[in-house]
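Student: Attaching a single structure in structure tokens format; questions to follow.
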Amino acid sequence: MNIFDELKARGLVFQTTDEAALSKALTEDMVSYYVGYDPTADSLHLGNLVLILTMKRLQMAGHKPYALVGGATGLIGDPSFKDSERSLQTKDTVTKWSGKIRSQLERFLDFENGENKAEMTNNYNWFENLTFIDFLRDVGKHFTVNYMISKDSVKSRMESGISYTEFAYQIMQGYDFYELNQLHNVTLQLGGSDQWGNMTAGTELLRRKANKQGHVITIPLITDSTGKKFGKSEGNAIWLDADKTSPYEMYQFWLNVDDADAVKMLKIFTFLSLEEIAEIEEQFEAARHERLAQKVLAREVVSLVHGKEAYEQAVKTSEILFGGGDLRQLDAKSILTGLKAAPQHQIAPDEDLTLIELLISAGIAPSKRQAREDITNGAIYINGERVQELDYVLTDSDKIENRLTVIRRGKKKNFVLTY
């Protein structure tokens, strides 16, 4: 199976410009290809990861990746299928975010070895000294307004209004393809399915200005079985930066993937062979309650993004938090992350309350009678250890990093005391 057929088998091809010619090129030659990343945040996210891993698959197949940071286009903002104008970022912010993109991409792509080592460039390099007159004469003249407004990404904004700044974005992206072709013989662009209009502007400019054929592959929008955009948890993006989304949070995200989506996501987000995934699917379907596919997803993706050690720590954290282990083995940050949905109650560090008083004060028990019953019946745990002394008073050893104590009532009801 060649790389193009594998991408299709994994559900990673939505549209292409000339499938036969592209498949032939990917089979016979080393193809230089690129993906553009506009620095619109200080971290890439799970949606970007699909494209990053597709870049890696192509590099592993012998093709040469170029990561294009949109230092110029990031100052403008892509209007594609957005309801309103993007907020314009300052040049300093875009420059700072561009540097973070590079450091994240280095985790996945090989920038050091071989003829097909990855390279990174910034479109600010060619837009910085391009005058407005030159842009209109040398680039703008190759696009008709009719062509530009026919793009679905622009049509969706015609009624609500679109500025000339964002209207011209597709030409800027098209010019990126032209410049990369002239500088590095790049002939293929990868992008999300919402980028089709902008990407084909590049193949059009390449055809008109250089009489060359460029190729485009769009990746489908990754959705779950209900049709919702995949990659968010409770409405929040899953970031690749560990400070924005911890490895534990990412681990839990994958563990909670719906059964109907798990095998599909294994094909998209892991480097397990299709044969291995088929075997996992067979075992998974035979015993869905064991959630094998989700466990493999969590292992593969967290290890890929954050490393094996971070994955193992996430597993340990999960086992201790939900398996009844000693929470003092964990740091306060991991506990707060893992129990972020649990009620919190702040008390003074020097407040000497008995356990009964503490249960009532924190709202864990509604009355002294109930508190006594819970303690006597062994339903109260401090940092994972059962406490049955009615007059127990918290000690310094109960205060993890002098920041918190976790009280659990029964099997699942956790409460976090903070100091």
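Cβ coordinates come from backbone N, Cα and C, glycine included.
A quick note: this is a predicted structure, and the numbers were derived from the prediction, not measured.
Feature table excerpt (Swiss-Prot):
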type	residues	note
BINDING	Tyr34, Tyr169, Gln173	L-tyrosine binding site
BINDING	Lys232	ATP binding site
DOMAIN	353-419	domain 'S4 RNA-binding'
MOTIF	39-48	motif ''HIGH' region'
MOTIF	229-233	motif ''KMSKS' region'
Student: Looking at the domain 'S4 RNA-binding' (353-419) alone, can you tell me the average pLDDT?
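Tutor: Summing pLDDT over the domain 'S4 RNA-binding' (353-419) and dividing by its length gives 92.
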Student: Could you measure the widest C-alpha to C-alpha distance across Tyr34, Tyr169, Gln173, the residues recorded as binding L-tyrosine, and give it to a whole number of angstrom?
Tutor: 18
Student: Tell me, how many other CB atoms lie within 10 A of the CB of Tyr169 (L-tyrosine binding site), whichever protein chain they belong to?
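Tutor: Within a 10 Å radius of the Cβ of Tyr169 (L-tyrosine binding site) lie 25 other Cβ atoms.
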Student: Tell me the Cβ neighbour count for Tyr34 (L-tyrosine binding site), meaning other Cβ atoms within 10 Å of its Cβ, over all protein chains shown.
Tutor: 26
Student: Mind tallying the domain 'S4 RNA-binding' (353-419) by DSSP state, helix then strand then coil?
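Tutor: The counts are 19 helix, 20 strand, 28 coil.
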Student: For Gln173 (L-tyrosine binding site), name the DSSP secondary structure in the helix/strand/coil scheme.
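Tutor: SS state of Gln173 (L-tyrosine binding site) = helix.
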Student: In the motif ''HIGH' region' (39-48), how many residues does DSSP call helix, how many strand, and how many coil?
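Tutor: Summed by class, the stretch gives 3 helix, 1 strand, 6 coil.
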Student: Can you count the other CB atoms that lie within 10 A of the CB of Gln173 (L-tyrosine binding site)?
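Tutor: Counting Cβ neighbours of Gln173 (L-tyrosine binding site) within 10 Å gives 27.
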